[in-house]
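Visitor: Got a structure for you, questions after.
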Amino acid sequence: MSSHSHHDDHDHHDHSHVPKVNQANQKKVLLSFVLIFTFMIVEFVGGVYAGSLALIADAGHMLTDAFALALAWAAFHFGQRQPNNRLTFGYIRFEVLASLFNAMTLFLIAIFIIYEAWQRLTAPATVMPWPMFIVACAGLIINLTVLWIMTRGETENVNIKGVILHVMGDLLGSFAAIVAAVVIGLTGWAPIDPILSVLVAVLILRGAWKLIRKTSHILLEGAPDEAAPSLISAYLLEQVSGLSEVSHIHVWQISTGYTLATLHIRAVDDAQAKQVVRAVEVALEEKFSIGHSTIAIDWADEPSSPQCLLSEASNHHDCDEAPHPPTHSH
């Protein structure tokens, strides 16, 4: 009969399932929001005055930037809330939802820009190039400043990546508006304004698609590319002494940088199973950055029955030989 034991000797390790939210991310997002929102108003007014679709499109994109930054700040804020009985990992995944929403708004903005560009090409409008040039240059400076702020410190967070993608889209929009203003001012060729707007929209669509794929992969509980089950199995069997088999590997992410795994292992010698589990646990964290793992042992005399769940990241538990009901809440 299967036996199962779960002791409470956690060696005084933190049992929290929720990583700490980076306070620096929250501060830089708030500062960037103030800069973007303020200049968005200036750029929209300037675009209407100059008759430039490139400026108006960029102002519209900056509006989504401001919203994206506000949403990112909210994600970091809610991410600090403690887990409860209903949300055992807290609100940390809110940032992934925010990032997905940001990417979808980028899609909508890009489609709107393409539509407006077509309207401008079929019915050209008068454009005032030099006011357009001045506003676009100011926008370029603001966007470069915000990009510099957002790329300081951590950048791997999907929420931060989403915001950076928004800002880079704005940066391209400002650059396109500058080029269009110069061409119109020197040659009078107005179609350059909607043409460059379409090019910027296409680049925005490409970046948004990449972000949607990444966030959707997390929400679908997909394994990170760098921690695929096949890679984990091969590495553990090669590096962990006394390990004979690895099976039932499941890897997923709660949010960026917070990877979890469950798996079964079989030791060459059952007497060394506990030491093998500890070694596997260390290997998972050091090689694959898996900070929370649950490892089940398949014993030699019961090839298909996991008897003892031992590992939970840094939390270690001993196994009793006395039989217990095979239930475990984790």
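Cβ coordinates come from backbone N, Cα and C, glycine included.
Source: prediction; values computed, not measured.
Sharing the features that TrEMBL gives for it:
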- 29-220: domain 'Cation efflux protein transmembrane' (DOMAIN)
- 236-297: domain 'Cation efflux protein cytoplasmic' (DOMAIN)
- 29-49: transmembrane segment (TRANSMEM)
- 55-76: transmembrane segment (TRANSMEM)
- 96-118: transmembrane segment (TRANSMEM)
- 130-151: transmembrane segment (TRANSMEM)
- 163-186: transmembrane segment (TRANSMEM)
- 192-209: transmembrane segment (TRANSMEM)
Visitor: At a Cβ cut-off of 8 Å, and with pairs 6 or more apart in sequence only, do we get at least 3 pairs between the transmembrane segment (192-209) and the transmembrane segment (96-118), yes or no?
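Guide: Answer yes: the transmembrane segment (192-209) meets the transmembrane segment (96-118) with 3 or more Cβ pairs below 8 Å.
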Visitor: Across the domain 'Cation efflux protein cytoplasmic' (236-297), what are the DSSP residue counts per state (helix, strand, coil)?
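Guide: The counts are 23 helix, 31 strand, 8 coil.
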